[in-house]
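Worksheet for the structure shown next.
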């Protein structure tokens, strides 16, 4: 009898609540509750990600609108206020490059400004609603490409065009200063030449050699102010070259910073996605173990 009772005790389950209906219901509720908590956390993460994208789109549009308005206004003022010297022959292609660069700069920034003006009110209206589910009413997800295009035009392409605009304005403004005067003297028609009377006695006293010397000698042309006589370029050309020499390394620094910034941003996003995937795989392993 003792042995039988021992055998019966050994055959009893370790968790007696498993055979009871109440115990099995409690276990199922525990698993179900854990699943709901996991799904709720996932939904919360998706909603938080949507709100983050909304705020990021709003910040990009605000920055694009401010930058585009400032730079396009500067380009228009530069084109209107620049004074061209009519008696100076500009290098070939300089005025064409200045006009084309200014036009493209204004067009690019006006496009970014138009996108910001059209999308920003709708995003602002949704972001001011204190409701977590209202994020889906914003058009920033559907028009994400236009937001990125406006951001790229305003910050990347628009900035490089602005640097080129500064260089061209320097050339157009400073090149005529102190430039050598290579224009030929104007030809006066014979009908406008006043008659000159010379006495015969004075003409007879002049020898042929002295007359030729008198006709060939002309007063020397004065050099332009602040220019060394005999030099091919004036101080204006030197000032334009100085601005170009300064702006070229600045443009290279801008390009290097832009590449480094976007590379670091992509690396940061990649690390964040890896961490999220590792967390999901860990949660999946815990659920499978349960």
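The first residue you see is number 1, and the count goes up from there.
Cβ coordinates come from backbone N, Cα and C, glycine included.
Checking Swiss-Prot for transmembrane segment across the ranges 218-238, 239-259 points to 239-259. Checking Swiss-Prot for region 'Disordered' across the ranges 1-21, 22-42 points to 1-21. Note on Swiss-Prot: of 43-62, 63-82, the range annotated with the feature transmembrane segment is 63-82. Counting residues 6+ beyond its ends, the transmembrane segment (157-177) has Cβ neighbours under 8 Å at 67-68, 71, 74-75, 78, 82-85, 88, 90-91, 94-95, 97-98, 101-102, 104-105, 108-109, 112, 234-237, 239-240, 243-244, 247, 250-251, 254-255 in the same chain. Counting same-chain residues at least six beyond the ends of the transmembrane segment (239-259), those with a Cβ under 8 angstroms from any Cβ of the stretch are 156, 159-160, 163, 166-167, 170-171, 174-175, 177. In three-state terms derived from DSSP, residue 81 (site 'Confers selective permeability to Ca(2+) ions') belongs to a helical segment.
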